[in-house]
Amino acid sequence: MKTLLLTGFEPFLSFTINPTMRIVEELNGQEIGGYKIQGEILSVDFKKAGKQLLEHLETIKPDAVISLGLAGGRFKMTPERIAINVNDGEPDNSGNTPVDEAIQPEGADGYMSTLPIRAMVNQLKEAGLPAEISNTAGTYLCNHVMYQSLHYAKTHNKKMPSGFIHIPASHELAIQHGKIPSWSHEDLKRGIYTCIQVLAEHE
Ligand code: PCA
């Protein structure tokens, strides 16, 4: 059976809950469309997240990678199209504040997702879940992790579909946070389950 590395993130900034954590914890160990899910939670830390991801890639040797992140304020589930070679943004959980820094000084300017993002969006909508392709993953930790896994696949010559899906807040988070749109945990989890099925069907 093939292995899918599914990553989520810990809470960060004003978001006291990261809904990706519960999704990853609950899907960990499940079999979906021929993939055994291996779930891991990454730190919101520019100095740690890439190393953690690399360790998981080397120990788990996954056949595919889907990383998840919270996009507080987005209304839809949004598979990302591209990761860019930039670290920038708000302070991370350790207070690092890189400015216009390259993730990989010798790396490509950007990498396109190698997940079937168009088919994922179509299938999400078919399943009754609002979705669209996002053309920017930002320059914070989500973009960082997406870039790192695609860079790893490219430089290690691995045919390992990789990419990133940003999700809206859960109701649980929205109650604590205030004015952000939210989905039920069940719908968020069903959305990610659907995306994994689409990936499995596309091979
Ligand atoms: N979202 C942030 C980092 C962690 C997360 O879940 C982002 O969009 O970069």
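Using the three backbone atoms N, Cα and C, a Cβ is placed for every residue, glycine included.
All annotation found in TrEMBL is predicted automatically rather than curated by experts.
Positions annotated as active site by TrEMBL: Glu80, Cys142, His166. The feature region 'Disordered' is assigned by TrEMBL to 86-105.
Note: the CA-CA distance between Glu80 (active site) and His166 (active site) rounds to 7 Å. Residues of the same chain lying 6 or more positions beyond the ends of the region 'Disordered' (86-105) and with a Cβ under 8 Å from any Cβ of it are 10, 12-13, 43-48, 50, 138-141, 143-144, 147-148, 151.
Helix, strand and coil counts from DSSP across the region 'Disordered' (86-105) read 0 helix, 2 strand, 18 coil. In this structure, the C-alpha atom of His166 (active site) lies 8 angstrom from that of Cys142 (active site).
Counting only residues at least six positions away in the same chain, the Cβ atoms of Phe9, Ser67, Gly69, Ala71, Glu80, Phe164, His166 sit under 8 Å from the Cβ of Cys142 (active site). The number of other CB atoms found within 10 A of the CB of Glu80 (active site), across every protein chain shown, is 25. For His166 (active site), the Cβ neighbour count at a 10 Å cut-off comes to 23, with all displayed protein chains included.
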